[in-house]
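Worksheet for the structure shown next.
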Amino acid sequence: MSGDILQRFSIFSLNVKHLSRFPRFSDLTPSSLPLPSPTVTASQVPLLFREPYILSGYRPIQQDWRCYLLSLFQRHNESLNVWTHLLAAVVLLIRWWANVDALGYTLDAASLPLSLFLVSSFTYLFFSVTAHLFQSHSEHAHYFFFFMDYVGVAVYQYGCSLGHYFYTSQPAWRESCVGLLFLPGAVFFGWLSCAGCCFAKARYRRPYPLRRKICQIIPTALAYLLDISPVAHRLFTVSWMGEPSLPFHALQIASFLLSALFFSCPIPERFFPGLCDFVGHGHQIFHLFLSLCTVCQLEALFQDYSVRRDTVLEVFGDRQLWWACVSFPALFLGCTLTALITMRHVNRQLQGKQDREK
Ligand SMILES: [Zn+2]
């Protein structure tokens, strides 16, 4: 009897031991998959990868590509940069379906700008996620993925412009000089912001001079000022009573301005070097505010679309609508070509550097 009890007790304690061993990530992955190496300090990665005031949490370079994919589940200084935009994509999708249910949506010519806005949002989120996930592989990868990130931003700017022009703008603004030149201007400044960012990244080395920020910020700011002009005009000229989209438009502007502040200045890590390496550095806060801006834009554009969808074709005409929408893939292509041409130039520079080091 006592032997039976002892045997049962030993089986029970074995089971408890098993349960108490919390499965680690390495237990869940097939043994053939390479696992990401532990993170290292700033001094252990090349200068190109070091971020100001971020002292640790860097992934070593030249690991297998799969290690960077699996680093999605590793704690490093880019983890939250990836997850913030992944979660933003999920929230965007949920809000899209909720609005489709509540306000209605049919895929036709009138809804094309709204659909392209959604496509542009997913494009920038996708390129941002891949850039933050894979850029640590090598200097080539770092440049390539960030150039594609700039392509995503330019496409997103144009996606917003389409939504603002066709659903939000007022007749008086459309008849102004800015309104008449808005669509070709949005294509040009979208491309210019991509080209300016690619040029500045390829041209300047760390520690970056102020000229680099100027090359990146001025074209992007010009593109934003143009893209937001129909919204700003409506916010200042129309009564907000009975206009449910306007608070969302005001929120998207406030979120964007805050995101621009955190993009341009390394705060709060500047005041606490090393303390914000994993959680809380400025780029993560920039991602959060930009995601909030995109979600507010979606809400606002859906509200505007639900009011104007029956008159869009009548007001703008088939031809203008189709030209504006065809410009979307054309801009995507133009920006991708610009990024690839700049990449070719960077490849030559990196090759020259490698040859000199031999
Ligand atoms: Zn980012």
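Cβ coordinates come from backbone N, Cα and C, glycine included.
Annotated features in TrEMBL:
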TRANSMEM  80-98  transmembrane segment
TRANSMEM  110-134  transmembrane segment
BINDING   H132, H283, H287  Zn(2+) binding site
TRANSMEM  141-159  transmembrane segment
TRANSMEM  179-202  transmembrane segment
TRANSMEM  214-236  transmembrane segment
TRANSMEM  248-265  transmembrane segment
TRANSMEM  285-301  transmembrane segment
TRANSMEM  321-343  transmembrane segment
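Each residue in E78, L80, N81, V82, T84, H85, S128, Q284, F286 lies on the same chain as H132, H283, H287 and has a C-beta within 8 Å of the C-beta centroid of that Zn(2+) site, without being one of the site residues. Note on the transmembrane segment (80-98): residues 72, 118, 121-122, 125-126, 128-129, 132-133, 278-279, 283-284, 287-288, 291, 294-295, 298-299 of its chain, located 6 or more positions outside it, place their CB under 8 angstroms from a CB of the stretch.
Residues 143, 146-147, 150-151, 153-155, 157-158, 161-162, 165, 169, 173, 211-213, 215-216, 218-220, 222-223, 226-227, 229-230, 320, 323-324, 327, 330-331, 334-335, 338-339, 342, 345-346, 349 of the same chain lie 6+ residues outside the transmembrane segment (179-202) yet bring a C-beta within less than 8 angstroms of a C-beta in it. At the 8 Å Cβ cutoff, the transmembrane segment (321-343) and the transmembrane segment (214-236) share fewer than 3 close pairs (sequence separation 6 or more) and do not count as touching. Neighbour density at the Cβ, taken as the number of other Cβ atoms within 10 Å, is lowest among the binding-site residues H283, H287 for H283. Contact between the transmembrane segment (110-134) and the transmembrane segment (248-265) does not hold: fewer than three of their C-beta pairs are under 8 Å, each pair 6 or more apart in sequence. Remote same-chain partners of the transmembrane segment (285-301), defined as residues 6 or more beyond its termini with a Cβ less than 8 Å from a stretch Cβ, comprise 80-81, 84-85, 87-88, 91-92, 95-96, 99, 114, 117-118, 121, 125, 128, 156, 160, 163-164, 167-168, 245-246, 248-249, 251-252, 255-256, 258-259, 262-263. Cβ-based neighbour count (10 Å, all protein chains) for H132 (Zn(2+) binding site) stands at 26.
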